[in-house]
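**Q** First the structure, which I've put down as structure tokens, then a few questions once you've had a look.
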Ligand code: SF4
């Protein structure tokens, strides 16, 4: 009998075209390559220069998300793109996809949306696959038990031309989250707490496999939130073993296998979970029972605290570099060490991004905001992750709840997550954001970002300040 | 790609941990469809004052740092996004190597692909290097890639790891896509026995 294997090892082994040797990395086959307008143009230029074709247009798919506006449609039902550079980027993607025969989810079409939202939504993301995209949050797709990770533009070119990547096998890390979450605490709080515990470089060189009772109890969308932010913990990818929750989610989606083919696929997918006794290189743990809603106070995602805790002081820091980092972060954020964040005024609330813009995130936020009003002076942007999420939300009347409260209901895209379009947080202003990065200037020059769950963001929208959402839910 | 063997150059230090790729190059510069103008956006928030003029206090802007080709930075350099624009911007500015106690995975990969050398050294040597640069802002160091060592100002050689394949490609100017293309037979053989349930050209 062969030795027990982890989920990661099973997926890796099934995609090795040529094994790693002492002189060369492994040649790894890629099942699905997602592309978008920002990280692909230079790769297509490279292909043209070398006179190469896209090897597998049938394994490649493009969408528009990063530089697209999310402003409401005009009278003709068109999302107007005004920024000339964005127009150019989108045109290039259209041209590249047309010339190389790649399916493109066009801006404003029902299929378009953030690349990590549309993959799972369309059933393109399936257990056991290898998935890459020129985007670090490709780790999201690992929620299905796929090996999914972000690559640079040179590598986008490699995959376009050969459907393969040169890779050294990463190490594995078991991330055990046991226990039961309290009401008002969710997947986003799990991942923020984990990163706060192990640091932004904690997972470097590793692929996380999330396991334990708290993970098993999560829906697919919640698992995606967790896998999404694996990269914020430094990991190359994050994975969750597929189970009945996974199969039920994939079933019936447009690109998923149907009928007998689906049953056969499920039979294969059932063999993917890590074997009993499989060895991991490392282990991390988190207790879900005592978790509070989390919020960040600083300028990297590991600078997070339970929402009712004070901001750390220099004395809490283990070494000089972390004291320096804390000092710089607090100066940028305008926070005092040792003081609580609760009650701190907020200017902008951003509900969106590939971390938290799916239908369940919008439902959670809407449930809290129903029959309540956005606090005076607060701008609330609600940006669905995809056009399908938008339509679903509208069918459920969620848009009406948001707009009645005084929030803006937008078109799908990355929006204020990275501030590439006009959706930005003004300099010096405070934003509670359901996104994944609070880096200096991430949401616009001088923007001060507090990362939190969609529920915590919704609570702040209503009160106008940092608020423990547990005090606002029935 | 130009072969790299030895890099002799002036070092400039940014002794900060977890410098993320949004700091290296902010998103507003990612709207290009080539690599033009990226060097201008390098470390934008630090390098420029709000009025757009150069910030005289920022390490790269000090007169002694002019012409530096080696960046020395804190642990976990390049964390965050996968944007290759980050190493492009560093290279466009004139850097040929980044020295740090640790790099984020994707940045390291991206840098190796374009011939911007990521040099990982131990913490102790890193701090020694920082004090050299503090004492003499025009500190020169040598990076000897074939022998995988960084020569400190005093002459001490500090070994650094790099995978043999990347080293081979950099030293000989071999391009990795070319290597992958040579695997065509193996790829075709793999594809013939590897079923994928997804066809992006048509929904099921
Ligand atoms: S939503 Fe944010 S993190 Fe996600 S793909 Fe878009 S820019 Fe990246």
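Placement of Cβ uses the backbone N, Cα and C atoms for every residue, glycine included.
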**Q** Have a look through A:227, A:354 and flag the one TrEMBL assigns to the [4Fe-4S] cluster site that A:414, A:417 belong to.
**A** A:354
**Q** DSSP secondary structure for residue A:417 ([4Fe-4S] cluster binding site), reduced to helix/strand/coil, please.
**A** helix
**Q** For each of the binding-site residues (A:354, A:414, A:417), count the other CB atoms lying within 10 A of its CB, then report the residue with the highest count.
**A** A:414
